[in-house]
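Only one structure is covered here, and it is reproduced in the block below.
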Amino acid sequence: MSLIRITKHFDFETAHALYGYDGKCKNIHGHSYQLYVTIIGTPINDASHVKNGMVLDFGDLKKIVKSEIIDIFDHATVLNASSPHKELASKIESHSSKVILVDYQPTSENMIIDFANKISKKLPTSVKLHSIKLHETNNSYAEWFASDQS
Ligand SMILES: Nc1nc2c(c(=O)[nH]1)N=C([C@H](O)[C@H](O)COP(=O)(O)OP(=O)(O)OP(=O)(O)O)CN2
Ligand SMILES: [Zn+2]
């Protein structure tokens, strides 16, 4: 029985602001985020199974990540609810714009923790989340590995 990792790549556009940050990212600005989700499992070995040979159908992984992350974060503005940006979020929302208030500073690190929790909860028990990579820009990214978590 071989354990195999499979990965699906997603792109989404999101605006955010880092409240209290000592640089230009304290301003609302956007990124073309790139998300790589890797799961691990044993390929199904059953000729009568419609998913024979697969750890998980790439399409099923896509459905999970799309509904949990992409559909929510794409073309939204992510703001820190534990900061005065909470009021800013209400104002933006009142103009029918998509805002996500999160209970953390929306850095790549915190977003990837949030994403890992959301994706893990939706995966079938036959597979495990192995790792996630989140590119904020072409040359800046955060990584989450299940093996690093205590
Ligand atoms: N550890 C982190 N540092 C920074 C984060 C983050 O999420 N984690 N985020 C930002 C900003 O959101 C910023 O938009 C991205 O920062 P940076 O990579 O520095 O962007 P630049 O385009 O200015 O980078 P260059 O390599 O100079 O082009 C800041 N820090
Ligand atoms: Zn940024």
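Placed from the backbone N, Cα and C atoms, the Cβ positions cover glycine too.
Summarising the annotation, TrEMBL assigns active site, proton acceptor to CYS25. Taken from TrEMBL, the feature active site, charge relay system covers HIS75, GLU136. TrEMBL lists HIS16, HIS29, HIS31 with the feature Zn(2+) binding site.
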Inter-residue C-alpha distance, HIS29 (Zn(2+) binding site) and GLU136 (active site, charge relay system) (nearest angstrom): 12
Cα proximity to GLU136 (active site, charge relay system), best match among recorded positions HIS16, CYS25, HIS31, HIS75: HIS31
Of the recorded positions listed as HIS16, HIS31, HIS75, the one whose CA lies nearest the CA of the residue listed as 'active site, proton acceptor': HIS16
Residues within 8 Å of the HIS16, HIS29, HIS31 Cβ centre (excluding the Zn(2+) site residues themselves): THR14, ALA15, ALA17, CYS25, ILE28, GLY30, GLU136
Lowest local Cβ density among HIS16, HIS31, which the record lists as binding-site residues, within 10 Å: HIS31
Three-state secondary structure, which DSSP defines for the residue listed as 'active site, proton acceptor': helix
Cβ neighbours of CYS25 (active site, proton acceptor) where a neighbour is any other Cβ within 10 Å: 15
Alpha-carbon spacing, HIS31 (Zn(2+) binding site) to HIS75 (active site, charge relay system), which is rounded to whole Å: 10
Rounded distance in angstrom between the Cα atoms of HIS16 (Zn(2+) binding site) and HIS75 (active site, charge relay system): 10
